[in-house]
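Read the structure below first, then the notes.
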Amino acid sequence: MMTTEDFKKSTANLKKVVPLMMKHHVAATPVNYALWYTYVDQAIPQLNAEMDSVLKNFGLCPPASGEHLYQQYIATKAETNINQLRANVEVLLGEISSSMSDTLSDTSSFANVIDKSFKDLERVEQDNLSIEEVMTVIRRLVSDSKDIRHSTNFLNNQLNAATLEISRLKEQLAKVQKDALFDSLSGLYNRRAFDGDMFTLIHAGQQVSLIMLDIDHFKALNDNYGHLFGDQIIRAIAKRLQSLCRDGVTAYRYGGEEFALIAPHKSLRIARQFAESVRRSIEKLTVKDRRSGQSVGSITASFGVVEKIEGDSLESLIGRADGLLYEAKNLGRNRVMPL
């Protein structure tokens, strides 16, 4: 039960939350409100510490960071999984309902057979039925009882299978929310997270630079060593990017062999210097092929770096960065553009 003090506290928090969300360009959704109410309430110190770090690095709260903090500190496991679980369980329930309807229909038919059979048997003395006629009634009962037993067994098997399937879904759905933000192969934020964060930073009017990088000769590496080795390279580069990112620079897997780095509050000059340090670090990588045991070096990447300018949209900013990236490819790869 809410006390007068609780009410006063919640009202005071409300007055703080909404302006704070507006200040940091946070969309007014129930999830975001719950996150920021908890932040203002200072109910979870670790949440506040991580949020303060995000605000320091970005000057606002990017959508991916906010969603990640919400899932980590506020959302219950059931809430995280409920939407997909509901959809899958509805399918299972539909299948079970259909089986139950069939079984009930069979049961109703069997009841009619039993009634008719008993009536036929009551005529044994009245109509002097022959042994053969009596055996016909009994055979009909035996046959129909086998059918109903088969139908009931089928329903039981489906119920058991559904129970196992629901258990499996519960295990898998624990990853659903994470998968919505993270790339499963690299462990980095995914394209969806990138689009949301970059869009927010652009429209907040903040200084931000974008680094796009693409692994050189990736198709040839795949062809020569196989796709599993290609996956090893992607994971190795992702791990290297994570180790190098600091001061708010965040790494994303943009798609395929292409990655993106968002650098808030960084000028083109600083972002280019950082990209150059990343390029040098990647070219020192050696990845061991797990199948053959062979170590492969000479892994390089090409880079395109841009700083947001007045009038930039998400599409135009990415387009300029990609243009410079492919210029780096055309000039011989393993370089950062602009020079």
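Quick reminder: no glycine exception, Cβ is built from N, Cα and C everywhere.
Annotated features in Swiss-Prot:
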ACT_SITE  E257  active site, proton acceptor
BINDING   D214, E257  Mg(2+) binding site
BINDING   N222, D231  substrate binding site
DOMAIN    206-339  domain 'GGDEF'
SITE      K219  site 'Transition state stabilizer'
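Location within the structure of each feature annotated in Swiss-Prot.
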residue: D214; record: Mg(2+) binding site; DSSP (3 states): strand
residue: K219; record: site 'Transition state stabilizer'; DSSP (3 states): helix
residue: D231; record: substrate binding site; DSSP (3 states): helix
residue: E257; record: active site, proton acceptor; DSSP (3 states): coil
Other CB atoms, at most 10 A from the CB of K219 (site 'Transition state stabilizer'): 11
Summary of DSSP states over the domain 'GGDEF' (206-339), given as helix, strand and coil counts: 59 helix, 34 strand, 41 coil
Cβ packing number for D231 (substrate binding site), 10 Å threshold: 13
Inter-residue C-alpha distance, E257 (active site, proton acceptor) and D214 (Mg(2+) binding site) (nearest angstrom): 6
Length of the line joining the Cα atoms of K219 (site 'Transition state stabilizer') and D231 (substrate binding site), in Å: 12
Packing count at D214 (Mg(2+) binding site) (other Cβ atoms within 10 Å of its Cβ): 20
Alpha-carbon distance [D214 (Mg(2+) binding site); D231 (substrate binding site)] in Å: 14
Confidence summary (mean pLDDT) of the domain 'GGDEF' (206-339): 94
